[in-house]
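Visitor: To start, I am sharing the structure in question, which I have written as structure tokens.
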């Protein structure tokens, strides 16, 4: 019998469920965000991130990549993804924790000049580097799920951004056609 707490797929259901909760709850609300909603949002972020950090340490098949290759490759991919997301979060400042707002300046330069959702780029790809670094096949295989959830999230978020920034956001979409991955999507 499989020990459920050591199941990668059980752990994967937690971040998947957290992101689905965000998609359902966050994007269908019309009231301003309260302190309680921000706290709940922080909890959901923890539920999305922490299990994905833990998954490579659970029992699963290895990737078969020699450590001499896996460590620098995985480490570089992880650092690139986290750095990209970190630069984006720094540009947003305190607004990173809030829903799109008319009061916030639309960010269009720096990493926001490459893709419209650079934090999601980092969030989709740090697990790739992390999984390679620790040789975790199932964790790596789950990357398309994280990407798909973030693609849906970004699509719904863009509706709010168009509503908040109107023509300025439409103009931004024309000049930065890629949502998450530069030159791809």
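From the backbone N, Cα and C atoms, a Cβ is placed for every residue, glycine too.
Remember, predicted model here, so these are calculated numbers, not experimental data.
Grabbed the feature section from TrEMBL, which reads as follows:
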- 7-28: transmembrane segment (TRANSMEM)
- 40-58: transmembrane segment (TRANSMEM)
- 70-89: transmembrane segment (TRANSMEM)
- 128-152: transmembrane segment (TRANSMEM)
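Help me picture these features in the structure, burial and contacts included.
Guide: Remote same-chain partners of the transmembrane segment (7-28), defined as residues 6 or more beyond its termini with a Cβ less than 8 Å from a stretch Cβ, comprise 41, 44-45, 47-49, 51-52, 54-55, 58-60, 99, 136, 138-139, 142, 145-146, 149-150, 152-153, 156-157, 159-160.
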Visitor: Taking a Cβ cut-off under 8 Å, which residues six or more beyond the ends of the transmembrane segment (70-89) line up next to it in the same chain?
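Guide: Sequence-distant neighbours of the transmembrane segment (70-89): 63, 96, 107, 110-112, 118-119, 121-126, 128-135.
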